[in-house]
Amino acid sequence: MRVYNFSAGPAQLPLPVLKQAAAELTDWQGSGMSVLEVSHRGKDFVACAADAEAAFRRVAGVPDNYRVLFLAGGATGQFSAIPMNLAAPGATAAFINTGQWSKKAIKEAARQGVNVVTVADESASSYTTTPEPGSFTVPADAAYLHYTPNETIGGVEFPYVPDADDVPLVADFSSTYLSRAIDVERFGVIYGGAQKNLGPAGLAIVVVREDLLDRARPDVPAIWDWKVMAGADSMLNTPPTFSIYLLGLILHWIESTGGLEAMGERNRAKAERLYAAIDASDFYTNPVEPRSRSWMNIPFTLADPALDADFLAGADAAGLTNLKGHRSVGGMRASIYNAMPDDGVTALIDYMTEFERTRA
Ligand SMILES: Cc1ncc(COP(=O)(O)O)c(C=O)c1O
């Protein structure tokens, strides 16, 4: 039996994609081998990676003057790569701090000698808010402005794209990657791990504007150098081949379900239904200011935390797994990424309603 998996990541994947991967696992495209066993330099895999990139470009609407890189090391690897590629030691970089993941990006830049300027800091609200548009000023000499469109742990999502004027905007899209239509031209760099909306762990997808490829520090290791990686079609070394293959399948699935406009509508509707259920009850609470509520990660607490364990055990028994909240927030967290069907959200709401009725 398939459960509804509300994990924050690695996360539930679309069933048709898993079925296709399973069906062709032992004999991929008539090769007599699985995709896990073929050379990344062979023509079949090179075509597979090119197809994944082309599909990503179509789905996300990536303009020609941007490169799409498939890299190992996850989003955390990019926390390191971003300063190495964009800011000399001592140079200024601007940051918006909306929670745990913003802080990790900041910490890594500071570790590399970047002069960190935090232009907006939401710690005073315990990270339940995003700054108002126009409420912060980005230094004109900043090498970039970094922000986290969706904070996976706090469940806080920007309802707008920050304006950085001529400063390149760098965004960690890990937990909201391709969850809705996106205007790539607003960004200098878009990056994120694939393991929530776009596939298995082990793959970071980096979209970088070409003019930013000439700003790397001279001593950046080749593996972290975006220009080197772009020149090698992301295959300087052996890439995470299975993750790239699965990314391709997922992108085709997104296209077959109507692309990002339709995906965004479904995600908005799923989130609205769950927030409506939480708000209609005195038993469940979501702490995030309404305008900054995430469509992807929805934390909620029970009025009586002594019931948390029972709530989770009952949910597990009902096939609703991984609802335990992050240890820093407590309570519950429902991650409802692209692959979470409407029925999964309905099942969760029904379970919550029944739990409240019998236990409140
Ligand atoms: C917003 C955000 N950024 C970065 C990361 C780190 O990603 P990775 O584990 O791929 O390095 C995560 C992981 O959950 C995340 O949610």
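The count begins at 1 with the first shown residue.
Yeah, the Cβs are placed from backbone N, Cα and C, and that goes for glycine too.
Matching W101, W224, W253 to the pyridoxal 5'-phosphate binding residues that TrEMBL gives (A75, T76, T152, D172, Q195, N237, T238) identifies W101. Among the binding-site residues T76, T152, Q195, T238, the residue whose Cβ has the fewest other Cβ atoms within 10 Å is T238. In this model, the domain 'Aminotransferase class V' (3-348) carries an average pLDDT of 97. In this structure the C-alpha atoms belonging to T238 (pyridoxal 5'-phosphate binding site) and R41 (L-glutamate binding site) are separated by 9 Å. Here R41 (L-glutamate binding site) is positioned 10 angstrom away from N237 (pyridoxal 5'-phosphate binding site), judged by their C-alpha atoms. Proximity to ligand 1 (Cβ under 6 Å from any of its atoms) holds for these binding-site residues out of R41, T76, W101, T152, D172, T238: T76, W101, T152, D172.
Residues near R41 (L-glutamate binding site) in space but far in sequence (CB under 8 A, at least 6 apart, same chain), listed by position: M235. If you measure from the Cα atom of D172 (pyridoxal 5'-phosphate binding site) to that of K196 (N6-(pyridoxal phosphate)lysine), you get 13 Å.
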